[in-house]
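**Q** Dropping the structure in here first, questions after.
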Ligand SMILES: NC(=O)C1=CN([C@@H]2O[C@H](COP(=O)(O)OP(=O)(O)OC[C@H]3O[C@@H](n4cnc5c(N)ncnc54)[C@H](O)[C@@H]3O)[C@@H](O)[C@H]2O)C=CC1
Ligand SMILES: O=C(CO)COP(=O)(O)O
């Protein structure tokens, strides 16, 4: 563990709370910024965030506040864990508060509409002087809260930042690995959410394991093909933040994106599903942005096109899956075998 330092986590949902608590458990002072004063009071007095992680005891080193300036005062590192649609607003408010040496790390797995911007792009635009990075991996918050071992990848602009974040977060049950491919790590975390929705539909349709295996392989090929086209390192997609996160999110009922897929596969309308959810499922927004970007660049994405047709063109799920499974797969196969 590194010398004790001070960090802030912005966003008091499930993932922000878990990451804040891991850092606090490693002996560092953590301020968790959230909007709901009642929840902040509960965290500070009962050491629990019962709305998102009931029964998970929070460390004494973790203190919640609803005042952003208070949360980030005198901290060396800020983690941002709000949904992608709020990311720019939150980060913009930081500009007047952070000295330029404060490191900012995104935990968010999404894409901003209008220009296909990743969260690290938003950090570069809003906080151009601050060093930045992303943390991504197969990290279901509830499993981490239950003490199950998990691994994650820190990717940033320098090896020194990676080492610092590793030392801050690494523990016996949360293993942190380093990557220099910030773009690929971040893109993997955002893209896999779309394929988790498809996997959930497959689960609702009671696909056999062979079919699931094929769907996962084709998902990996498709998301890697897209990412490599945009400049990511293909090897990143064979690691924890690529296939690792894809596998977890496409197979766990704890994944919100997978849950959306299961409900869709059972015939529930999308608006009803989203209306009933009190947590973010980033894959829905990512789907439309991914399709637009892939179409613009002429990238072959049959699974994305199929899911889009189910959600927005009212095509029957069974027909779409039938088409998807039997379309020309040469490009997918080529990627996997070369
Ligand atoms: N839950 C998980 O297992 C993991 C989630 N992530 C990613 O982390 C991000 C956050 O996810 P969760 O914590 O799970 O979501 P969540 O839905 O559990 O919580 C999001 C929190 O952000 C707050 N929020 C929304 N807009 C805000 C704003 N403008 N200002 C301040 N707070 C705001 C909400 O009130 C809520 O407390 C997502 O992009 C997700 O994909 C990444 C890894 C694992
Ligand atoms: O990113 C996650 C696991 O790595 C969480 O997935 P969901 O957002 O689908 O719950």
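Along the chain as shown, the residues are counted starting at 1.
Glycine too: its Cβ is placed from the backbone N, Cα and C atoms.
Note: TrEMBL annotation is automatic and uncurated.
Here the structure is a predicted model, which means the values were calculated and not measured.
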**Q** With 137, 192, 245, 255, 256, 257 listed by TrEMBL as sn-glycerol 3-phosphate-binding, which of these, 109, 266, is given for the same site?
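**A** Answer, per TrEMBL (sn-glycerol 3-phosphate site with 137, 192, 245, 255, 256, 257), from 109, 266: 109.
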**Q** Record says 14, 15, 35, 52, 109, 256, 280, 282 bind NADPH. Source is TrEMBL. Which of 141, 227, 309 does it list for that same site?
**A** 141
**Q** Pick from 192, 256: which of these binding-site residues has the biggest number of other Cβ atoms within 10 Å of its Cβ?
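**A** Answer by Cβ density within 10 Å: 192.
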**Q** If the NADPH binders are 14, 15, 35, 52, 109, 141, 256, 280, 282 per the record, what's the largest distance between their Cα atoms, in Å?
**A** 22
**Q** Looking only at the domain 'Glycerol-3-phosphate dehydrogenase NAD-dependent C-terminal' (181-320), report the model's average pLDDT.
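**A** Taking every residue of the domain 'Glycerol-3-phosphate dehydrogenase NAD-dependent C-terminal' (181-320) together, the mean pLDDT is 96.
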**Q** When the number of other CB atoms within 10 A of each residue's CB is tallied over all shown chains, which of the binding-site residues 245, 282 has the maximum?
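**A** Answer returned by the neighbour count: 245.
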